[in-house]
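Straight from TrEMBL, the features:
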DOMAIN    34-134  domain 'Ig-like'
DOMAIN    138-233  domain 'Link'
DISULFID  Cys184-Cys205  disulfide bond
DOMAIN    238-335  domain 'Link'
DISULFID  Cys282-Cys303  disulfide bond
Amino acid sequence: HFLMVKSHVQICHITKCRFIVTSNSEVVYSPVRGSLAEQVVLPCYFSILPAHPDLLRIKWTKLVGNEEIIVIVTQNGFLKIGPEFKGRVSIPSHFEDVGNASLTIERLRASDAGAYRCEVMHGIEDTQESVSLNVNGVVFHYRSSTGRYTLDFERAKQACIDVDATIATAEQLHSAYEDGFDQCDAGWLADQTVRYPITRPREGCHGDMILRPGVRSYGLRNSSETYDVYCYVGKLQGEVFFTAADARMTLAEAREECERQDAVLASPGHLHAAWRAGLDRCDFGWLSDGSARYPISLPRQQCGRGQLGVRTMYRFLNQTGFPLPSEKLGAFCFKGTACLQETLMTKKQKQILKTYCVNRTETSQSKEEKKKLFIHVYYYSKSDQKKNSC
């Protein structure tokens, strides 16, 4: 699984020989991918040295710029874990017997992403192995266009699906909170509880935790009660891009402009996933649910008062209501990297799709049929991909 070994040297003992990397060598593994609140294993393997295993020292660090942040260090039964990783990381208990010092990280956070180094030290020998970790997934608050706290449990789940996401789990919300997610709005979660994350305790946001940061909980609620919802979206399967055409557009014009570019109007789920991947644009753009938002990955005062995240335009001062469809704004469009399963399409839609994908030409379907097609189908995001692929 590793990409490169710069050098190695053979160490011979009385009964057997082992291969081990010298102090000026480094093994580089392929990147590891994980999802928010889940578990990953970062690989680290070494030759087993039978003599004096108590002198074997394992050190995992995270590389941040020119700094090395301690993740875990262990030697001869002694263990040290960095504060950011306490209670979330471990290595095999008898690593010296199996030559395996792989690092397990639980309850992944977005901030866990980055480069890691494993050092196995035994006397003058020093094995170094590095691996990068990518973490996908983002939790976001979602409110109906009709107002605050209008979604019962079933409608909350459907609201997330309608914006290309799923209802978040309690674990996902907690991982987002650990990375600074702060939202003073109670929302449904997948276990039918209602919670909200507060990193900056303030009046009106106490819940069951007075003047303390944490995830507030209303506990298990009756499914007929109404709140907002917290949604979760994983890795973006495509490309989100901003377009303003020659002038700003109404909601209907925005839909048509995205279709003209062989795309669809992006959903809030698409936009949040694109933001997690680094999208930055300080312009409000229409989205598929009729809302208007913009993503900020590079903090600046004139764009969301220097805060990172996806900003939402509300019609009213109490942060409710979407903009009027006649408002003139830009648009965020989405091109997918793959089509949905054909079973989701009618026979006529399959034929339209086949014609479009193979010939890349306009077909004779009506405007209404074309809209239905765009609802069910995602197109490849790169024009130079195979014309017979979709």
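Don't overthink the numbers, they just go from 1 along the chain as shown.
Each residue, glycine too, has its Cβ placed from N, Cα and C.
TrEMBL feature annotations superimposed on the structure.
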| residue | record | Cβ within 10 Å |
| --- | --- | --- |
| Cys184 | disulfide bond | 16 |
| Cys205 | disulfide bond | 16 |
| Cys282 | disulfide bond | 13 |
| Cys303 | disulfide bond | 18 |
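Separating the Cα atoms of Cys184 (disulfide bond) and Cys282 (disulfide bond) is a whole-number distance of 24 Å.
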